[in-house]
Amino acid sequence: MSANLASLYADHLDTLKRRADEALQRGGFDALVVPSGRLHYQVFDDRDYPYAVNPQFKAWVPLVKLPDSWLVYVPGQRPKVIYLQPFDYWHVVPSAPSGDWVQHMDVVVIRTPEEALQHLPKDPARCAILGEAQSTVGAFAPNNPPAVVAYLEYHRAFKTPYEVEMMRAASRIGVRAHRAAERAFRAGASEFGIHLAYCQAAQQDAIDLPYNNIVALNEHGAVLHYTDRDRLPPKPVRSFLIDAGAGHVGYACDITRTYSHDTGDEFQALIDAMDVAQLRMCDQVRNGFDYRQLHLDAHLSIARILKDFGLITVTPEVAVETGVSSAFFPHGIGHGIGLQVHDVAGFAESDRGGTLPKPEGHPYLRLTRTLAPGMAVTIEPGLYFIDMLLEQLKDRGLGPSVDWGRVDAFRPFGGIRIEDDVVCTDAAPLNLTREAFAA
Ligand code: GLY
Ligand code: MN
Ligand code: MN
């Protein structure tokens, strides 16, 4: 870790401690206790699912593969990491604790999960224990006190400068892999082949990625979460939508790009129009801006593009009012991102709880908060040709709002999504994705 990063990490820990102090006080607890999580097994089977670390644990330490370990924080004391390094010849054992984080923690190595009990606080009833039920050891069963969780999750939306650096690093990896994926697409690879090229360039296996890669050629781009990955390329190849991220010490990036095979065609022009609109939306990631408004504004921008490309017959305003724009753009404009690709507390009204409602008619929006410095969000407008949703327009008597000949012309290309990760600041937004593509 560079000296600068080391100092950012120290500041990050100070922020986490301050947050924990307040959260514990609100909940009336003496200690924060966070299990890293335990392996899950398939039903009636001895095969484990990929291990996913408790996000409340990896917020403190850059350790994403350390099951059955614990973080303990008592206000006024150094945080403690109870670090499981089992005697095990079946699996790779976590190496001895090392890294910059070690100097900030009291670290105790244990050899069995039960040994943790010797190092956890005396009275579990005085502890806020954050985790899943199956992390229980002895009387230490996660209780997830709502007042504590609400406070920590609400504030996790505000990334520390250290976290922004980790997300910047994740973005650089993701962009490197996106470039390799585009090369594979241009070389005629299948969806599966492109996915492998992506993983190779990211140097991350599929289970290391923050979410399942969406690698879609042609009409598959219209399936929002398409994860099948055909082993053979279609004939002809027309278009490519890739929504793929990467992780760095537990932080995610979430990036989508869309390409036309023939860069001189009308689908490329539609992508270019979406790109211009998406950049304008990214510029709205400003202190005090209601993310719900950003989503609603996006509908109007996309409806204007639909009009410009002759896909709708009504005005953009009417297309938004009647729900025609939602048939082409049926998901939210984005979500918070950080330790989780869909970060928590998207609807939190305050750090004491409460829910900020979604705008009526927009059930898939994942973030309804007002933007403030430190918040990291995705901006991911889409425009798709989804038969099911277009048929529903006809059923609702809105068929005449659409130029079906134009829809037929674009349908074989599937759809478009362009997604960047953007950090709200005191001034201009910081677009981590564009920054990485520009490097
Ligand atoms: N990759 C999932 C999403 O964009 O939200
Ligand atoms: Mn996303
Ligand atoms: Mn995505």
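Glycine is treated like the rest: Cβ placed from N, Cα and C.
These figures come from a predicted structure and were not determined experimentally.
Together with Asp254, Glu419, TrEMBL lists one candidate of Asp243, Asp265, Asp408 for binding Mn(2+) 2, that being Asp243. For the Mn(2+) 1 site, TrEMBL records Asp254, Glu380, Glu419, and the single candidate of His195, His299, His335 listed with them is His335.
Other Cβ atoms within 10 Å of the Cβ of His335 (Mn(2+) 1 binding site) number 22 in total over all chains. Checked against ligand 3, the binding-site residues Asp243, Asp254, His335, Glu419 give Asp243, Asp254, Glu419 in sequence order as having a Cβ less than 6 Å away from one of its atoms.
For the pair Glu419 (Mn(2+) 2 binding site) and His335 (Mn(2+) 1 binding site), the C-alpha distance works out to 11 angstrom. A 10 Å cutoff on Cβ-Cβ distances gives Glu380 (Mn(2+) 1 binding site) a total of 22 other Cβ atoms nearby, all chains included.
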